[in-house]
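For reference, TrEMBL has these:
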type	residues	note
DOMAIN	A:69-257	domain 'ABC transmembrane type-1'
TRANSMEM	A:12-31	transmembrane segment
TRANSMEM	A:73-94	transmembrane segment
TRANSMEM	A:106-127	transmembrane segment
TRANSMEM	A:133-154	transmembrane segment
TRANSMEM	A:179-204	transmembrane segment
TRANSMEM	A:236-257	transmembrane segment
Amino acid sequence: MTTDTRLRRITGHVVLTVLSIACAFPIYWLYATSLRAPGDVHSLTILPWPLSTANYAAAFANNDVARMLANTAIVALLSAAGQLLVGLLAAYAFAAWTFPLRRTLYLMFVGTWLVPFQATMLPNYVLLARLGLLETLAGVIIPNLCSALGVLLLREHLAGFPKELLDAARMDGRSSWNILWTVVVPVIRPALAALGILLVITAWNEYFWPAMVLQRGNAVVQLGLRSFMGTEGNDWGPLMATAGLACLPVFVLYLVLQRHIVQAFVRSGLK
Amino acid sequence: MSRVRLQGLTRRFGSVTAVDDVWLDVADGELLVLLGPSGCGKSTLLRMIAGLLPPTAGRVLLDDTDVTTVPPQRRDVAMVFQSYALYPHLSVAGNIGFPLRARRRSRADIRRKVTEVAGALDLSALLDRKPRELSGGQRQRVALGRALVRDPGAFLMDEPLSNLDARLRATTRAEIAELHRALGATIVYVTHDQVEAMTMATRVAVLDQGRVEQAGTPAEVYDEPASVFVATFLGAPAMNIVPATVVATDGGLTVRATDLDLPLGIDATTPGRDVLLGVRPEHLTLTGEPGIRAVVTAVENLGGDEVAHCRAGTHTLAVRGPRPLRLAAGDRVGLTARPEHLHLFDPGTGGRLVWRTADIATPERNFA
Ligand SMILES: Nc1ncnc2c1ncn2[C@@H]1O[C@H](COP(=O)(O)OP(=O)(O)OP(=O)(O)O)[C@@H](O)[C@H]1O
Ligand SMILES: [Mg+2]
């Protein structure tokens with residue numbers, strides 16, 4: 001190896017190390033702060049010592065954190081499930097069927113992706129108000145039941161689905177609806193799982209829309225965080241503890257299903 | 001088992017006519033091979049029989065029922081795909097039983113039938129494997145099993161052997177032919193491999209650009225090709241085709257070209273007529289008193305046989321015979337062929353020419 005390529009390698013590693021520390025440090029600091037004793041919250045020591053769970057106790061006492069976490073989970077799971085189902089049905093139709101205006105419809109579907117959230121949030125808000133769904137979880141979930149991203153990704157995935165397999169299933173006596181569930185879904189399950197995880201994480205991290213719909217209550221944990229920020233200053237300890245709890249499911253999901261998630265992101269980027 | 005009739009079947013994709021006015025009658029128990037080069041519309045035709053593709057015009061009849069608009073799941077035909085199209089998430093047993101589950105047959109019934117078919121195809125030991133854990137030949141048999149398990153009225157097979165290596169292809173070819181005999185099954189079999197067509201078929205339909213050029217027994221299409229296309233598509237090396245003229249001589253009709261002079265064995269007179277002369281490489285023999293004077297340009301060894309490529313006038317001719325031919329490049333040779341082995345075609349249409357009667361002055365196109 002020449003010194004030149006060696007130098008380049010070392011530089012690469014240094015840059016990557018610096019970047020990962022920059023990414024990971026805030027998260028570390030979040031958990032470190034949440035584990036400090038209440039008096040030490042503003043301490044700048046790298047290692048929190050002595051450890052204390054007092055902040056977590058305060059978070060649970062102050063606020064219904066458990067209920068908020070459960071609500072967040074419901075919102076995330078239901079919107080992801082809805083998006084997955086709509087995406088699957090639409091993508092299947094677009095990929096397996098030929099019908100008039102197929103391209104146009106598909107482009108319109110995907111075009112909704114280009115419409116910024118800010119353009120649709122007010123009409124959606126007004127509609128929810130008319131329907132009396134403000135301040136409800138349903139109001140958070142329903143406008144998010146369909147995502148162009150889900151349709152786009154699944155359609156691209158199904159475009160590569162072997163057509164002979166669909167033909168074989170038809171010859172073997174299955175209706176189109178049956179083929180979807182007995183052939184297509186089992187075969188593309190890895191892709192569905194990956195997309196599902198992506199959608200759950202996105203929905204879990206959603207802040208702005210729940211904040212609009214749920215202005216009075218603190219029904220999801222991301223909003224619960226607000227209650228620790230007051231005019232007299234922020235209650236850092238419990239705030240960090242709640243934030244830590246809010247991140248936890250995503251981290252766990254990530255650690256357990258790392259391979260799937262990386263795949264999902266790569267797919268969404270490359271295909 | 002069913003009879004399959006195609007009446008004027010046509011399919012266009014935009015400006016491309018993939019299948020053009022095809023009339024075929026596949027009798028009950030027949031193995032009809034659709035043979036043709038890539039892109040001639042074989043798969044398109046088969047998919048229309050299956051119901052996977054609606055025809056632009058024409059009808060498909062199964063026995064006496066018009067099924068042209070009947071969806072595939074309600075036609076009594078099974079299909080074996082070139083890619084096998086096995087369900088990757090199901091075991092071998094699951095794959096073979098799939099059509100029966102779709103028909104809501106009882107579990108015991110399905111198990112019995114799957115065991116029976118797997119036994120017949122030598123798959124009993126593999127029932128729990130997934131398709132990706134099988135070899136190509138085993139996958140092919142599973143695909144066959146999935147078709148067999150249904151007891152369909154007719155089987156449609158789209159190049160089922162093209163993904164197998166040469167040796168496996170030969171054994172599987174024999175297996176399918178045996179299956180056909182044992183079941184008395186009606187089979188429409190698509191291939192571009194003439195060996196498969198010649199060895200398996202009870203009848204061959206040769207397709208070119210969506211049209212049936214000729215349909216007949218393997219011997220008929222080989223011995224009396226209806227057109228230059230059929231003549232050159234079947235046989236290896238391909239039939240020699242030489243532009244020539246038929247003239248009357250003292251010894252009867254003779255076909256002539258540069259360095260070529262072969263008697264047709266017909267005692268008649270005719271004004272000169274341009275034709276395409278066709279003669280198969282294995283029908284050219286070396287002789288001392290030549291009808292053709294040629295120079296050898298190259299010799300190929302095929303193992304049992306040898307092929308000598310020769311030049312006569314401006315044309316090249318292949319000669320095939322048992323090895324050794326005792327020829328080398330540069331040799332001057334005389335060649336001849338028996339009159340019954342000479343085929344004449346019309347230079348314009350490419351159609352086969354036959355003598356209607358010995359005294360008609362010009363060769364007539366055979367319209368049969
Ligand atoms: N869905 C389609 N859209 C447009 N053209 C098509 C379609 N399917 C087939 N064709 C055209 O029709 C013609 C016949 O195709 P087909 O697949 O039937 O050929 P084939 O004889 O089966 O060839 P191969 O031996 O390569 O499988 C080709 O020119 C092909 O390009
Ligand atoms: Mg084909």
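Glycine too: its Cβ is placed from the backbone N, Cα and C atoms.
TrEMBL annotations: computationally assigned, not manually curated.
Residues 71, 74-75, 78-79, 82-84, 86-88, 90-92, 94, 109-113, 120, 124-125, 188, 191-192, 195, 199, 203, 206, 209-210, 213-217, 219-220, 267-268, 271 of the same chain lie 6 or more positions beyond the ends of the transmembrane segment (A:133-154) yet place their CB under 8 Å from a CB of it. Using a Cβ-Cβ cut-off under 8 Å and counting only residues 6 or more beyond its ends in the same chain, the transmembrane segment (A:73-94) has close neighbours at 102, 105-106, 109, 137, 140-141, 144-147, 149-151, 153-155, 157-158, 180, 184-185, 192, 195-196, 199-204, 206, 210, 220, 249. Taking Cβ pairs closer than 8 Å, the transmembrane segment (A:236-257) reaches residues 27, 30-31, 33-34, 36, 38, 41-42, 54-56, 58-59, 62-63, 65, 69, 72-73, 193, 197, 200-201, 204-205, 221-222, 224-225, 228-229 in its own chain, all 6 or more past its ends.
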